[in-house]
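Swiss-Prot has this to say about the protein:
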DISULFID  247-249  disulfide bond
DISULFID  280-283  disulfide bond
């Protein structure tokens, strides 16, 4: 089923709700980067987190970049997501696998804390106007959801609850997504709204299970948690907005990158190989720069 994002409000407009499905985007990233199950889940969580953040931007070309710099064996990650629902990203060590950790009598989970280690979450919000806004917070435990909640608390001072998860069955990711619930800025001093948000969130025992049981129906997922949802707040556009793994790379961007090299470097490439192959870190697309194209770059620098 196509990934998508839904926005709504509850409590008479006092609480903002956003739910996102990133299953297909995660599987596309797995295919392109050769990800393990662990790194597929981590990148899928980062996809969900970045899309949830981007959902509040007022313009469709607004973008959010999440970067994790840490000392764990994952070797960091970078995700770029837009208000338009397009997302892309990569991890430093795509093949990483770790032993599962026991979280209950008969339940096990990926060791996200060990994978990411200690470090920082860097968030860049680019509205397309002026300088991008950058903020950095320490990683809480590497499960992405709590790290994002920490960012929202420290950087935006907004009472928020973040749930991000996935479910794996028969060696495949069958659902991945997230939910963001925020008390809106004009209401963030209302103790009743904050209490309502806390009470609703306490009822979530396993977000991954709730996501799976909703059968990809994000509206049902939201309604199960916030039955007092304001139906009028859900526009047709919000109901149908798609989310997908989409990269902005192109042959022209590759040519522009090559043009940044010194003349001597271009001459060395031409002499040794007669061509160059550029690989996009975000999506692994390959672009061949041929002999004539490199020669033209050299001539233009003469």
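Keep in mind that glycine also has a Cβ here, set from the backbone N, Cα and C atoms.
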Cβ packing number for residue 280 (disulfide bond), 10 Å threshold: 18
Other CB atoms within 10 A, centred on residue 283 (disulfide bond): 19
